[in-house]
Each structure stands twice: as structure tokens, then as C-alpha cells.
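Chemist: Below you will find the structure I want to go over with you.
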């Protein structure tokens, strides 16, 4: 695990963004961990979060021309990521959408740089994939191309089918998805931390029960995903 990924997990735990215990998910599952990126809610934590995203994006070597953050959570994210990338000498334009169209001033649903070229979507997590779908629609409508998605946490958890939400996005849109950390990173971290090791059995049991059973790389389109 890269140093910045371990540092991000420690940062998230320190901000109570990543917690361990018993939590009910929207799907009705009892999860042994909970991730709430909304608690990165001050200037210092948002600035650090943008730096972690920037490191993950650069480490993934994704080719892109600009950033897009879907409303609402993506708005502060895309701003902080653009600043962090620029601080490292990588200056990219960015854009985000409004939930409601504006009929005065500049008007429309989009704010920021015009959507053009290869667009990297940024969000906190991918659950149902709704914000990614809406983002892709905005990008295509502008004549631009989705280049990929960057998220904070990949839960690696399947929905109703055998694929995880991230794998579904990869298959549906044919674009890469990168994350600062994933569930495997969290498991590895717990194994190394004596003071948190008591949470490991529950997390491993949850992973075994709900993680995607598809073998990476996933064969999409003409191929058939293979169960592992």
C-alpha cells in the first residue's frame, strides 16, 4: 500500500470520516465500517483531501484535460482537487453543475470552464452510480468525452448483481475508475494496527459476504464477467 493511502486512512479516522462499529447501509446491510466524506467540513481538512485526490489521480496516470464535480458533494471536491493539482504544477480547468437551471446571468446548469476534451469526474464514492450517469450525460451533451472517475473510497461491494458499483461504471461507460483507497487497503491497514485489530474479523467477514465475486480485469461488452 502506498504511503499516501495509509496516510489517508489515518487522516479519515482522525476526522471521524472513517469509523468502525455497526452501521446500517441504505441497502439494509449491517456494515462494520462507515465512511462519511461530509465530515471533511473545514478548510484544513478539505485542503488535505484535495491533496490526497491529486496524489491518487497522478499515481493512476489517467489522461485528462479537465475536471468535473457533480452537485452537490462534487463541488467542493473538484475545487480543492484543482487547487491541489495546480500547487503541484498541474493546472487544469474545472466545472460543476447546478441541480436547478439558472435562467438569468450566465444561465444554464453548468458553472466554471466549458466542458471540452477529456473530462475526469470526481466524487466521494460510487453507490448507485446516479451522479456518474448524470455527469456522463452533461459531458456528452457538451461534445466532450468522459475520461474516468476519481473517488475517495471504493467499497468493492456488490449491489443486486455480481459486480461492484465501481465495476458496473467501468463496464457501462468503458472508463477507468480510480480511488484514493479501497476496502482491501482498509483491511491491510487494520492488520497492521494493534489498537484497531479487533475490528478486522468483522470487516473481513463483511468483505467475504458482500464483495464483488468478479475476477479483475472485468470483461465487459462482448465478454462475460467471470465469477471468482
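Cβ coordinates come from backbone N, Cα and C, glycine included.
It should be emphasised that the depicted structure is a prediction, and the values quoted were computed from it without experimental measurement.
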Chemist: Looking at Swiss-Prot, 34, 35, 127 are annotated for orotate. Which of 5, 15, 98, 155 sits in that same site?
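Modeler: So the orotate site in Swiss-Prot includes 34, 35, 127 plus, from the candidates 5, 15, 98, 155, 155.
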Chemist: Which of the binding-site residues 26, 99, 124, 126, 128 has its Cα nearest to the Cα of residue 155 (orotate binding site)?
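Modeler: Nearest listed residue in space: 126.
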Chemist: Among the binding-site residues 127, 130, which residue has its Cβ surrounded by the fewest other Cβ atoms within 10 Å?
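Modeler: With the binding-site residues 127, 130, fewest surrounding Cβ atoms within 10 Å: 130.
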Chemist: How long is the line from the C-alpha of residue 73 (5-phospho-alpha-D-ribose 1-diphosphate binding site) to the C-alpha of residue 34 (orotate binding site), rounded to the nearest angstrom?
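Modeler: Checking the Cα atoms of residue 73 (5-phospho-alpha-D-ribose 1-diphosphate binding site) and residue 34 (orotate binding site) gives a distance of 17 Å.
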Chemist: Measuring CB to CB from residue 124 (5-phospho-alpha-D-ribose 1-diphosphate binding site), give everything in the same chain under 8 Å that is also at least six residues away in sequence.
Modeler: 37, 73, 74, 77, 151, 152, 153
